[in-house]
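> Sharing the features that TrEMBL gives for it:
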DOMAIN    32-180  domain 'N-acetyltransferase'
REGION    183-239  region 'Disordered'
COMPBIAS  185-194  compositional bias 'Basic and acidic residues'
COMPBIAS  214-225  compositional bias 'Pro residues'
Amino acid sequence: MSEDQTSPDPILDSDVCEISTLKLDVEPLEKVHVVPLHRRPDLLVPCADLVNSEWQRSQAARVHALQKSCSEFPVCLVLLRGPRGSEKLLGHARLSLVVGHGGSLFVESVVVSRPERGKGLGRTLMEETERYAKNRGFRRLVLTTHDKQHFYAHLGYVLSTPVQNAGAMTTFVPMETLLRFSRTSNEETERRTENGVTQRSREAAGGGGGSSPAPVPPPPPPLPPLQSVEPILQTLTETPYRDAKGVPIYWMHKDI
């Protein structure tokens with residue numbers, strides 16, 4: 001897909017991701033479907049309560065965050081069961097753009113209602129999230145987890161490396177600006193490093209100004225022999241990555 005990933009939201013009234021043959025541990029068997037939350041504002045408060053049941057925030061703050069869901073990303077998806085007007089809210093997942101990776105989306109805030117757990121709905125939520133992303137033209141999903149790495153590995157996700165999640169920034173900062181800022185930061189770091197090396201070289205050669213060149217310092221002592229360092233590997237039981245609080249975190253991705 002081209003760099004422009006902000007195609008119109010394809011999920012209309014006739015395009016809801018329905019599952020007609022899903023065998024869930026419920027009686028009677030009912031259809032389950034995924035809907036973008038911004039098309040169902042009546043579910044904002046129940047969805048805020050669902051997400052808060054896993055990650056506690058004030059209801060007002062959570063509703064405000066969920067209201068950022070839009071067809072241009074980030075988009076919040078809700079998993080529902082039953083006919084419209086009497087649906088039961090089962091789960092939630094959020095998709096955001098990834099800076100510098102036009103074909104990737106970041107998955108976060110994946111949660112299933114506590115009374116509905118153990119019925120295969122987590123897998124269903126992820127499968128329908130993948131299908132939504134694929135229908136929008138994306139080809140890779142990236143996520144992080146503190147302790148569900150085995151669950152995601154069972155769904156086909158593999159260990160990966162960190163990426164920059166645009167999150168809600170794209171609702172008021174264009175992706176082009178984020179990309180330009182990211183490139184500018186990297187280029188500025190490289191420029192400062194290069195200028196520092198050049199300036200030191202000039203001073204060592206006597207080109208830093210003044211009437212007489214600076215004395216040449218003695219050569220540094222020889223370095224001690226390098227010791228071999230074992231690379232830090234990420235496995236399903238150990239990870240070198242930490243979140244902002246210093247808690248171990250696993251990065252994973254899946255090509256869809």
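Each Cβ is built from the backbone N, Cα and C atoms, and glycine gets one as well.
Curation plays no part in TrEMBL annotations; they are all automatic predictions.
Quantities reported herein were computed from a predicted structural model and do not represent experimental measurements.
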> With DSSP helix as H/G/I and strand as E/B, how many residues of the domain 'N-acetyltransferase' (32-180) fall in helix, strand and coil?
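Looking at the domain 'N-acetyltransferase' (32-180) with DSSP, the answer is 58 helix, 41 strand, 50 coil.
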> Kindly state the mean pLDDT of the domain 'N-acetyltransferase' (32-180) in the predicted structure.
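Here the mean pLDDT over the domain 'N-acetyltransferase' (32-180) amounts to 92.
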